[in-house]
Amino acid sequence: MSATPSPDARARSGVRAPRPGKTQLRVGRLVKAHGLKGALKLELYTDDPDGRFVPGAAFILQVPDSSEWFGKTVTVREFRWMNSHPVVFFDGVEDRTGADSLVRAILWIDQDDAAPAEDDAWFDHQLVGLDVVREGQSVGRVVRVDHLPAQDLLIVKAGEREVLVPFVSAIVPEVDVHGGRVVVTPPNGLFEDLVDDDPEPAPTAPGTEDDETDDETDER
């Protein structure tokens, strides 16, 4: 089945976690302790933090084997914005010492817990690897998705170069995950040197006549 992304649809950030048999999505990284009451600043890998970091939400931790948190999960107690920075509190983390022990931990969730609610939203790993089709012909393959403040970009490997394709409905009118492709209608110039135009004839050398004989042409 295919779906059409609206201009406001955002690709859901995520990558495959290094756990066999499990597809997991990375949603954040704990950057530093904030204050004295166990708060931590977040680096977000999701475009819906207010919906993801709700009280009671649990996250799998990626930490070194030597960490006291290895093999454990954390549960959100509170999420808030402080001076435009996302900050999270976890159950059982009551002071700065506890928060410091979680710095640099990466937060993951199982994909089953994060299915997009909208028909026009996809996770990054669903888009990576799709053929990019323009006017019925494949022009490349999606190799990654970049999330910028203004919009998402599909990074398309086209020959020996990468093309940055804005992930908006005007340029990407169709996403067919099951069919393994996205259809693009890019503006002129985006894939310009990939189009097989008829080559221009070589210019005629000065003094060369169209009716030259074969003998004259073969002279050295």
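Numbers run from 1 along the shown chain.
Glycine is treated like the rest: Cβ placed from N, Cα and C.
Database features (TrEMBL):
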- 1-20: region 'Disordered' (REGION)
- 27-113: domain 'RimM N-terminal' (DOMAIN)
- 125-190: domain 'Ribosome maturation factor RimM PRC barrel' (DOMAIN)
- 190-220: region 'Disordered' (REGION)
- 208-220: compositional bias 'Acidic residues' (COMPBIAS)
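For the domain 'Ribosome maturation factor RimM PRC barrel' (125-190), the number of residues in each DSSP class (helix H, G, I; strand E, B; coil) is 3 helix, 34 strand, 29 coil.
Residue counts of the domain 'RimM N-terminal' (27-113) by helix, strand and coil are 12 helix, 40 strand, 35 coil (DSSP-based).
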